[in-house]
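First the structure, in the form of structure tokens, and then the observations on it.
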Amino acid sequence: MEKFASVAALLLLLCFPVAYSGHDYGQALSKSLLFFEAQRSGVLPRNQRVTWRSHSGLNDGKSSGVNLVGGYYDAGDNVKFGLPMAFTVTMMAWSVIEYGNQLASSGELGHSIDAIKWGTDYFIKAHPEPNVGDGNTDHYCWQRPEEMTTDRKAYRIDPSNPGSDLAGETAAAMAAASIVFRRSNPAYSRLLLTHAYQLFDFADKYRGKYDGSITVARKYYGSVSGYNDELLWAAAWLYQASNNEFYLDYLGRNGDSMGGTGWSMTEFGWDVKYAGVQTLVAKFLMQGKAGRHTPVFQKFQQKADSFMCSLLGKGSRNVQKTPGGLIFRQHWNNMQFVTSASFLTTVYSDYLTSSRSNLKCSSGNVAPSQLLSFAKSQVDYILGDNPRATSYMVGYGNNFPQRVHHRGSSIVSYKVDRTFVTCRGGYATWYGRKGSDPNLLTGAIVGGPDAYDNFADRRDNYEQTEPATYNNAPLLGVLARLSSGHSGYSQLLPVVPAPVVRRPMPIRRPRVTSPVRASGPVAIVQKVTGSWVSKGRTYYRYSTTVINRSPRALKSLNLSIKNLYGPIWGLSRSGNSFGLPSWMHSLQSGKSLEFVYIHSTSPAYVAVSSYTLA
């Protein structure tokens, strides 16, 4: 078998094209990664390359008693939406998993991993409060992120307010990222996988759409497809990350009932994941891992084939294209569907080639190379091979958008001029300017042209000129593949350890011996809401709720907290006594106050020292 495997690997190497010429895909790859640095929120690192940006969102989560500093702004606004951010990280991680060697040869593997970790570090903090900012108040203002005055409220999901789609996508992101860090940072990889296990269990147990719980997100990132696709998507990534057949069985048992084998898709993106699930499950089938689930997994692959055929115009229901040949799905940010579909056709082409298979379309068999050629045609269109000769990547080529719908790039850098830009003043002074953006948003993929290849480079034309992180993320793998060719190994080789069959056990949490403590009209409830391992020690995040059960308002509350060995948020402190936060003058009847602390042992002892009733 070893001799045969060596010959097969040589044949695959000879069959794969080395690289494509024409556009400088390596340069486009480097620029596309710079865009993620422009979208960073939080304390920027010393090696930050987009130098016109500065620190921002430094108080995110503070009002909720948690540290939510970090993460990415999703697009041209200053909001951190959890669902598209998680999809962005999943797609960046998938790019590294499939094309890490090509990224390394381009000198961009390190930057790609940094971009992923910027997202996963935030997810660890945000579990389970992933959304920061209010889209309504944010869109009312046009301000730099460094000095925004809009509401930075954090929104969470919990058993009473579920969000299976949001938790499922975040589980997928952390599972995929755990593969990326497996060799370079094993402890961090294990931490990510633990969070992924917990998030999936939560998503599957407490089912519901996240925009029913976080209603402010519905207008901007409504979950139209529901949550079944994210549950399947998360299970697929958890199987790939752990090789735990519990998740393979989950796909086999639920593929039919959750739509994985029923939906023939013509799109893939932050909301609708079915085509991505179908592509991954087809990969498992080609790897010979389906076992008793082979009949179900074959139906997954048939739907994956259907998606690919529709893109090539060889299916029973084909995608719409512009006269210039670009996939066209919708007027608002159509480019997100172009880049995500290009990624799927790229990896599927390599999967099929590695398994020595062809794509099965209604019009007949199609060579895998046609899928890669299709992806190349879409990327070339983005980079300037289109009727307008316009590059839709900012900073690439000679003719690219100059007036991007993006707050940070359209207002003079905070480092250059610290004159305060007011909420509405930003619209009056900067939004309506006819001139080019003062800061170049290098690498950003904007929304793109309409169904007839028309494009208007105006800042107020948000449907076409606004960029988004999830436009760029799928493009990383495609650009790496086009720039450096195929690495010469089978794309179906395993990237996970030996198989196991068990339901994953969550981190053992310390028992909260006295979850409810009452002192007169005041009740205190403690619970563990998170855990992680750092330098061999397990840390726990405790949420403590103080409830006023009196018919009158509670004032001058003093708490005694003993055996506390870590930081605490959400209370004011005076020596060894803790009281209501400075912004809260009283706790009304029937209302509650939550504070949070972190340490590495059993819960602290919290008791009421004194209080007065209004």
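From the backbone N, Cα and C atoms, a Cβ is placed for every residue, glycine too.
Features reported for this protein in TrEMBL:
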| type | residues | note |
| --- | --- | --- |
| SIGNAL | 1-21 | signal peptide |
| ACT_SITE | H405 | active site |
| ACT_SITE | D457 | active site |
| ACT_SITE | E466 | active site |
| DOMAIN | 522-602 | domain 'Carbohydrate binding' |
Over the domain 'Carbohydrate binding' (522-602), work out the mean pLDDT and round it to an integer.
82
On a simple 10 Å Cβ count over all chains shown, which one of the active-site residues D457, E466 is most densely packed?
E466
Separation of alpha carbons, D457 (active site) and E466 (active site) (Å):
10
D457 (active site) versus H405 (active site) - Cα distance in angstrom:
9
Measure the Cβ-based neighbour count of H405 (active site), defined as the other Cβ atoms within 10 Å of its Cβ.
24
Helix, strand and coil counts within the domain 'Carbohydrate binding' (522-602) (DSSP):
0 helix, 51 strand, 30 coil
